[in-house]
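Annotated in Swiss-Prot:
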type    : residues                   : note
BINDING : SER45, LYS65, HIS93, LYS96 : heme b binding site
BINDING : HIS62                      : O2 binding site
DOMAIN  : 2-144                      : domain 'Globin'
MOD_RES : TYR25                      : nitrated tyrosine
MOD_RES : TYR30                      : nitrated tyrosine
MOD_RES : SER45                      : phosphoserine
MOD_RES : TYR134                     : nitrated tyrosine
Amino acid sequence: MGFTEKQEALVNSSSQLFKQNPSNYSVLFYTIILQKAPTAKAMFSFLKDSAGVVDSPKLGAHAEKVFGMVRDSAVQLRATGEVVLDGKDGSIHIQKGVLDPHFVVVKEALLKTIKEASGDKWSEELSAAWEVAYDGLATAIKAA
């Protein structure tokens, strides 16, 4: 069974909830990542020289890009059944030394952030849709 129209709609609608407070959710997202993988801090140019996770234009832009890429993955999975990356998105992850465990940490942070943004709209079905979309993106990044 492919990615369904309902799954795509769930990802799209909840990604809009993230956009309602991107500063707060961006800080939450990276805080969760660094709690789980403190050494990942050096992989992010906008975090490596800071004392902690603080809101900044670069942090917010990167978080919005990550969540946007997962949303775009949902669209691609629904349309074609696979995720194809644009440009250098895959190679930059290889250059930064991103390994399989990092993808697991980011997935967990992504789901916790969307859960927070979704509030009472959160469900197992919503979680599953984000997981499938993220896994499709992660697979494409690893294959690049």
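Yeah, the Cβs are placed from backbone N, Cα and C, and that goes for glycine too.
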From the DSSP assignment alone, can you count helix, strand and coil residues within the domain 'Globin' (2-144)?
109 helix, 0 strand, 34 coil
Within its own chain, what residues at least 6 apart in sequence put their Cβ under 8 Å from the Cβ of LYS96 (heme b binding site), listed in sequence order?
MET43
Pairwise over SER45, LYS65, HIS93, LYS96, annotated as binding heme b, what's the top Cα to Cα distance to the nearest Å?
17
Tell me the Cβ contacts of TYR25 (nitrated tyrosine) under 8 Å, same chain only and six or more apart in sequence, or just say none.
PHE18, ALA63, THR113, GLU116, ALA117
Average pLDDT across the domain 'Globin' (2-144), rounded to a whole number:
93
To the nearest whole angstrom, what is the C-alpha distance linking the residue listed as 'O2 binding site' and HIS93 (heme b binding site)?
13
